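*Asks:* The transmembrane segment annotation in TrEMBL covers B:12-34, B:54-75, B:95-116, B:154-183, B:236-255, B:276-298, B:364-381, B:393-413, B:438-455, B:467-490, B:496-517, B:529-548 (among others). What TrEMBL lists as domain 'Copper resistance protein D' is B:196-297.
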């Protein structure tokens, strides 16, 4: 019976295995000020609430049909800033999906939606 | 795989804190409470061997947990980023700090195992062990929430480390008290040590709790700047849960202190030996859950950083608002039609059918739980004198755990719409090719098995000890899982509004577990009171589920 309880505890653990993570969050981003114009490259600034390990972070452009494209990223001018190089895009709905490793050891995954206007 | 790694990461955080309490709290216990270098205390080798064993085993396990955390991070990053994280990871604070803390913990564990264990009565060795622990405690400051902040970094790191030490002193001492009671029960130590050490610990316990509050409050004020932040964010919600758990533990501590006081003033040791040990066991359940909640709290973004994603107190209250349960489910076709739009990132379309499907499942589960717990409560109150006349008509209420069996069957049919028996995907194919379906199948099996076990435990006259304790242990573990499973996803506010109901159920699961545990251990009338409180907590969980409404997202 003791073994059954142990097995049930283990199974209970598996039930709650999550596939979402969060700790570092974007507190501000330049897309709030101006949406990108069609067919023009743009540098986007994401501001995080925590120190970010850039070498262990990724930002993807998500296009219609949830097609993912890895974007180049770099350090921004201020603390916690990450610069993302957005390529020229046709008008439409898009999203930035980021996976960020914060200095306190937490991995964060989140999405920012935006539109490209003509 | 990333999901399992992330979950293990939250779980190992709680285990890390438990081991920390065993090691650091044990050292404090030795130096300030036991003081074994005073020969007149009447300690024997058995007591000191076990005390020191808890310290070095805690430290060895802490080193293992710390190393495992680093390995988990590597696993998680490889799975999530789809690339090997070195050499970049080797240069991070987390990697360097994690390895340094592992090594310093090994030094502490090694010293306690090689030297303190062989000189348990030496004041010098106890003091040296405490000094050796200091670098390990300090190194932990680089691995906490505050280390990644831009403002007040030093203050946050220092206060978090102090908060951990204060908690370790209290909780580690409670672990030592459990150890002491086990030794007394096995008649390996003089009986007089139990009241003597309980009395000695009492004032230190109060100072430790005061230190927990004094160090925790300034941290909380740094991370939460409004009342709404406390009520309407995951961080605030888990902090509130921590406070509730602390209050529960203090309630048990107050009962223990009263018993010590009664013994001191009247010489009556009845409560001290027949109740206090079991209060301390229940307190241990609460404190272990508290440590896991603390670890889970570290994965939440501070409320101060997400003002635009904070729910209002009206929105939070609305999740518990009594309303007519949904008893009509959307059709299977409607549900499947909305799935593609619901899971899309670009062009996402919230699915009303998916939300109502989930609400229906929760609400009907709530009806199962409220009904069975109502009969369970009836099975306790039927023993009252006023109900003696109708007692024989209420004998069926003892079969209330059968409700879990029926709930298991309901969940089997309803959990996954796209799979057998309702959907086109076969049973085996869906179970082993989809992690989410596998989790639901396990949950279904667990609920069903729990019902069978508890039914046997309550009805059988000769039920084995492990059979009768299965229900409280699993309930506590379930509550712990509900509290640990608190992450924010792509829709932070919606996810929080779902989380707030689940954390409330986690707290009531713990009350359910503690109540049933005390019912099995205490004598009358505490036994009956604890049993009733236990099933009343199950009733409240049922109500939360019955009124559950998921936000549309």
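Our numbering is plain: 1 for the first residue shown, then up by one each step along the chain.
Cβ atoms are placed via backbone N, Cα and C, with glycine included.
Nobody curates TrEMBL annotations by hand; they come from automatic prediction.
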*Asks:* So if I exclude everything within five residues of the ends of the transmembrane segment (B:12-34), which remaining residues of that chain have a CB under 8 angstroms from its CBs? That is, six or more out.
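*Replies:* For the transmembrane segment (B:12-34), the sequence-distant neighbours (Cβ-Cβ under 8 Å, at least 6 residues beyond its ends) are 41, 43, 48, 51-52, 54-59, 61-62, 65-66, 68-69, 72, 105, 108-109, 112, 126-127, 129-130, 133, 137, 140, 164-165, 167-176, 197, 200-201, 204, 288, 291-292, 294-296, 298-299, 480, 484.
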*Asks:* Is the transmembrane segment (B:529-548) packed against any residues at least 6 beyond its ends, judged by a Cβ distance under 8 Å, and which are they?
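*Replies:* Contacts with the transmembrane segment (B:529-548): 319-323, 325, 359, 362-363, 365-374, 376-377, 380-381, 400, 501, 504-505, 508-509, 511-519, 522.
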*Asks:* Could you check whether the transmembrane segment (B:276-298) packs against the transmembrane segment (B:364-381) - three or more CB pairs closer than 8 Å, residues at least 6 apart in sequence?
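*Replies:* They are not in contact.
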*Asks:* Could you tell me what the rest of the chain brings near the transmembrane segment (B:54-75), counting residues at least six beyond its ends with Cβ under 8 Å?
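*Replies:* Answer is 1, 5, 8-9, 12-13, 15-16, 18-23, 26-27, 30, 85-86, 89, 94-95, 98-99, 101-102, 105-106, 108-109, 112-113, 116-117, 129, 172, 175-176, 179.
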*Asks:* Using a Cβ cut-off under 8 Å, which residues of the same chain at least 6 positions beyond either end of the transmembrane segment (B:438-455) come close to it?
*Replies:* 399, 401-409, 411-412, 415-416, 431-432, 467, 470-471, 474
*Asks:* Report, as numbers and ranges, every residue of the chain located at least six residues beyond the transmembrane segment (B:496-517) whose Cβ falls under 8 Å of a Cβ in that stretch; write 'none' if there are none.
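*Replies:* Those are 232-234, 237-238, 241, 244-245, 248, 278, 281-282, 285-286, 289, 309, 311, 315-316, 319-320, 469, 471-473, 475-476, 478-483, 485-486, 488, 530-535, 537-538, 540-541, 544-545, 548, 550-551, in sequence order.
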*Asks:* Go ahead and report the DSSP secondary structure tallies for the domain 'Copper resistance protein D' (B:196-297): helix first, then strand, then coil.
*Replies:* 94 helix, 0 strand, 8 coil
